[in-house]
Amino acid sequence: NEWMLKVHFLFFFPQVLLLACAEDLECVPGFQQKVFYIEQPFEFTEDQPVLNLEFDDCKGNNKLNFEVSNPDFKVERDGSLVAIKNISEAGRALFVHARSEHAEDMAEILIVGANEKRAALKEIFKIEGNLGIPRQKRAILATPILIPENQRPPFPRSVGKVITSEGTEGAKFRLSGKGVDQEPKGIFRINEISGDVSVTRALDREAIASYELEVEVTDISGKTIDGPVRLDISVIDQNDNRPMFKEGPYIGHVMEGSPTGTTVMRMTAFDADDSSTDNALLRYNILRQTPTKPSPNMFYIDPEKGDIVTVVSPVLLDRETMETPKYELVIEAKDMGGLDVGLTDTATATILIDDKNDHAPEFTKKEFQATVKEGVTGVIVNLTVGDRDDPATGAWRAVYTIINGNPGQSFEIHTNPQTNEGMLSVVKPLDYEISAFHTLLIKVENEDPLIPDIAYGPSSTATVQITVEDVNEGPVFHPNPMTVTKEENIPIGSVVLTVNATDPDTLQHQTIRYSVYKDPAGWLEINPTNGTIGTTAVLDRESPYVQNNIYTALFLAIDSGNPPATGTGTLHITLEDVNDNVPSLYPTLAKVCDDAKDLRVVVLGASDKDLHPNTDPFKFELSKQPGPEKLWRITKLNNTHAQVVLLQNLKKANYNIPISVTDSGKPPLTNNTELKLQVCSCKKSKMDCSATDALHISMTLILLSLFSLFCKSFP
């Protein structure tokens with residue numbers, strides 16, 4: 001059939017059709033055909049043309065130049081693609097880049113095997129067995145369409161054709177699917193009469209790589225008479241995306257002295273183009289190294305994997321001899337397998353040379369000197385060391401140890417974190433009279449262990465000679481504090497204690513004088529020569545200067561040095577209690593309504609400043625009551641409380657009730673006091689205690705009380 005011959009012609013000679021059509025179109029700069037399919041031969045023969053490429057910049061092709069992705073091929077001036085030498089394998093695709101003064105473009109040549117070509121024929125013609133006789137399964141033939149991305153105007157541009165074997169009168173082609181009547185709409189359309197498929201704008205493979213459309217044939221009324229048949233449209237990738245380094249910053253570490261070939265880090269870039277083509281085939285390269293010493297080529301990058309490795313000997317990879325332990329590499333990623341036509345991106349790799357502990361710390365001198373006054377603590381000398389390792393690491397930080405000369409643990413040494421110096425301190429005061437000189441042996445090490453082939457040497461130990469200076473030390477009381485127990489109220493002038501103080505400066509013959517330093521109550525004095533402490537006032541246990549029965553005073557012992565030195569001694573006097581305080585009564589005022597039904601007026605309590613047994617139990621008593629009738633009584637509730645009860649309601653007035661309370665001391669002490677009782681009028685829950693009536697019995701009670709006291713004095 002004629003249409004079958006046309007299909008066969010279109011499939012195997014698409015360039016003829018495109019070139020023929022190009023004669024009828026306005027000149028479009030670039031390759032007149034961008035995609036080619038060639039069958040893989042047994043061998044590409046040297047200087048034998050493979051195919052012809054036509055490039056036209058529409059302005060005479062001045063200074064036209066071609067570059068081929070495979071260096072084993074070249075393009076002649078007439079557009080012939082030829083092999084430079086005999087080649088049996090050229091890969092799956094070739095890319096040809098053309099550039100003139102006015103235009104540039106890329107063509108793609110896909111190399112397919114014979115089996116792939118026969119499979120394509122079978123898909124198109126549905127050949128069964130080996131007969132070669134076409135058997136038509138459908139009337140619609142929709143062969144796959146390949147469209148390069150980023151095509152230039154004019155649009156619409158014809159990209160393929162759908163054929164039907166049945167010429168039904170009034171039949172029309174209808175195209176549907178994503179890119180036609182589904183978003184993104186309007187990209188493709190079909191001539192409903194001829195079946196020509198066209199694209200209306202440039203395609204972007206990175207946005208949509210393929211389209212799955214459906215073609216059907218309808219009658220004049222729009223009813224489907226054949227189909228739908230699937231139409232596949234694939235977008236051919238163009239190298240329109242640069243590689244991108246996305247994962248920065250890129251920082252790698254390598255230990256100094258590492259063997260040649262040590263992997264430092266990996267640099268990988270991303271290319272959005274088709275990963276199955278050279279458009280996304282990346283190659284890596286080091287453009288620049290900073291600094292360039294000790295070698296301008298300290299590192300190498302695997303062009304395919306992006307692994308950065310060391311290429312210098314371990315001796316050159318010495319952190320302590322480097323200008324700086326940080327190197328910066330400018331890395332380039334280029335697609336198209338690294339060819340000049342490839343697109344590029346760059347990123348900076350920062351490589352840090354890490355320190356290892358290959359240098360032992362060394363003291364700056366073998367012997368250090370220090371002088372300290374006896375009795376003083378604190379830092380006395382800073383020991384300096386040198387270390388060539390990295391100051392930010394444990395390979396540099398020093399650890400000091402006193403290995404000899406410190407039996408009494410009077411010295412400690414710590415590391416200054418800023419300077420790495422050893423701060424030698426006195427932590428227990430030294431005594432010149434015991435030892436005037438000390439010799440310490442000190443070693444220094446690192447926090448991190450040294451590498452196996454390095455050891456600490458003699459320079460890692462040092463001697464410290466310490467001279468103790470004699471000072472005039474103050475006398476020392478023995479014991480301190482001093483304690484003594486005395487009864488309060490002892491006579492003035494009584495001896496409390498004789499203190500004893502000695503001068504630590506045994507090599508100096510000095511005298512000691514004593515004085516009072518702090519005597520809060522002013523009760524004491526001290527003999528300046530022999531240290532005897534006596535009383536100048538009564539010692540009162542109940543004084544506010546006494547805390548928990550203890551009175552505290554401070555005394556000084558002063559030697560005869562120049563200048564004199566002073567020692568302080570503390571004296572604690574524990575005071576024993578005597579019954580020298582009468583009990584007190586509370587409360588001293590009570591109120592009651594003149595018509596009260598409850599005549600229990602008040603509960604009285606007693607307290608005593610003394611200690612037991614000079615306090616409770618207390619004895620409560622009423623003095624003799626005036627008149628023939630008794631008005632009140634007092635009843636003991638417990639050892640410290642008693643209750644006053646009225647025997648009858650009284651008129652509104654103020655009454656003074658004489659009460660005596662006696663403690664249990666030996667001898668006992670009695671306090672005679674009065675309870676003031678106010679009898680008030682109470683109306684509507686309000687108490688009126690204004691004294692409207694005369695205190696007709698107050699004077700009587702007072703006279704009776706005086707009489708009672710008089711009688712007790714003269715039995």
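Including glycine, each Cβ sits where the backbone N, Cα and C put it.
TrEMBL entries are annotated by machine, without manual review.
Features of the protein shown, as given by TrEMBL:
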- 1-22: signal peptide (SIGNAL)
- 172-245: domain 'Cadherin' (DOMAIN)
- 246-363: domain 'Cadherin' (DOMAIN)
- 364-477: domain 'Cadherin' (DOMAIN)
- 478-585: domain 'Cadherin' (DOMAIN)
- 584-695: domain 'Cadherin' (DOMAIN)
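Averaged over the domain 'Cadherin' (478-585), the predicted model has a pLDDT of 93. Broken down by DSSP into helix, strand and coil, the domain 'Cadherin' (246-363) contains 9 helix, 48 strand, 61 coil. Per DSSP, the secondary structure of the domain 'Cadherin' (584-695) breaks down as 0 helix, 58 strand, 54 coil. Taken residue by residue, the domain 'Cadherin' (172-245) breaks down under DSSP into 0 helix, 38 strand, 36 coil.
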